[in-house]
Amino acid sequence: ASTDQESDFSESEPNTEQLGCQTSSVAQSRHQEGNKSPVSESQSSLVAETKFVKCDICGKACRDKSNLKIHLRVHSGERPYACKLCGKAFTHTGNLNAHMRSHVEKTHSCKTCGKSFAKVGQLKAHRKIHSGFSFPCEACGKNFHTQKNLSNHMLIHAGVKPFPCETCGKRFSQRNNLRVHMRTHTGEMPFLCVTCGKTFYTSGHLSIHTRTHSGEKPYSCDTCGKQKSFTHMSTLKVHMRAHMGERPFSCRTCGKRFCTKSNLLVHLRIHTGEKAYTCRTCGKSFTQIGNLNVHVRTHTGEKPYPCWVCGKFFSRGSSLRVHMRTHTNEKSR
């Protein structure tokens, strides 16, 4: 399977000249240059009367409060203008309008599947998917649609990380990975979920999140069939351990092994005696949140498990399963 990454439309900081913002040093130098050049008295008074509004965070000067408000979004991460097609958000309408062209101005279409692209180079790279032509990595076996993507990938195996973070010093083999990492320092989350308003660092995380709204589960277990599907590939991999008998997490106290680290942590409470989940009604504590949820039903009277044969309800799934035997025994007589 290919690991080619799609190009990410990154929003640069708005042009300060267009916004009427400039650094204080630039404003000062321009004022000094204006004094040296022959200007009219009215022009001089106009320059003198111009009062820039300064940003308290970076010192940048803006022409008025409205331009300062737009500039401050660079620091706050606020992006009120969202693309209705892909969810990416922007600080001002100019960048949104430019981004929208990536959706509408796609004049190069693939004759095989109909997918359109803005550049002919993107179309040529896409055609290799249908032709089966690819560039394999001899180190790990992954396939790439272009030689450039393979070359970038080989940096990972070579341990070459030419892209350093100027803030924390961490280095990356891919420029795009550095760009995504920088968002952890700036707090920038440019990908907005148009359904619930939640924001994300990457388009990939947004795509995974949207499945919680759509109910899409694209990863199916080949052993169980399509009846067992998952929203994440990582969740499917954990599930496959149950079929393979793989239990990589072991308890150092008793030696019991588990498929997931979370199950191991829950198990450890048996040895430590920790009961992290407390009932707010009666104060009783439990090692697992599932046991607390079942207990709370004794106070609320909730019985969410119905018998489809006789219509009787139960507070526990296990109680329903025991009850179902009364119907199966009746049928066997």
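Placed from the backbone N, Cα and C atoms, the Cβ positions cover glycine too.
In TrEMBL, annotation is done automatically, which means it is predicted and not curated.
As written in TrEMBL, here are the features:
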COMPBIAS  1-11  compositional bias 'Acidic residues'
COMPBIAS  12-43  compositional bias 'Polar residues'
DOMAIN    53-80  domain 'C2H2-type'
DOMAIN    81-108  domain 'C2H2-type'
DOMAIN    108-132  domain 'C2H2-type'
DOMAIN    135-162  domain 'C2H2-type'
DOMAIN    163-190  domain 'C2H2-type'
DOMAIN    191-218  domain 'C2H2-type'
DOMAIN    219-248  domain 'C2H2-type'
DOMAIN    249-276  domain 'C2H2-type'
DOMAIN    277-304  domain 'C2H2-type'
DOMAIN    305-332  domain 'C2H2-type'
REGION    1-43  region 'Disordered'
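Across the domain 'C2H2-type' (53-80), the DSSP tally of helix, strand and coil residues reads 12 helix, 5 strand, 11 coil. Residues in the domain 'C2H2-type' (191-218) partition by DSSP class (helix H, G, I; strand E, B; coil) as 12 helix, 4 strand, 12 coil. Sequence-distant contacts of the domain 'C2H2-type' (219-248) (same chain, six or more residues past either end, CB-CB distance under 8 Å): 208, 211-212, 257-260. For the domain 'C2H2-type' (163-190), the partner stretch with the highest count of Cβ pairs under 8 angstroms, out of 53-80, 249-276, 277-304, is 53-80. Within its own chain, the domain 'C2H2-type' (249-276) is flanked in space by residues 238, 241-242, 285-288, which lie at least six positions past its ends and keep a Cβ under 8 Å from the stretch.
Across all of the domain 'C2H2-type' (81-108), the predicted model scores a mean pLDDT of 75. For the domain 'C2H2-type' (277-304), DSSP puts the residue distribution at 12 helix, 4 strand, 12 coil.
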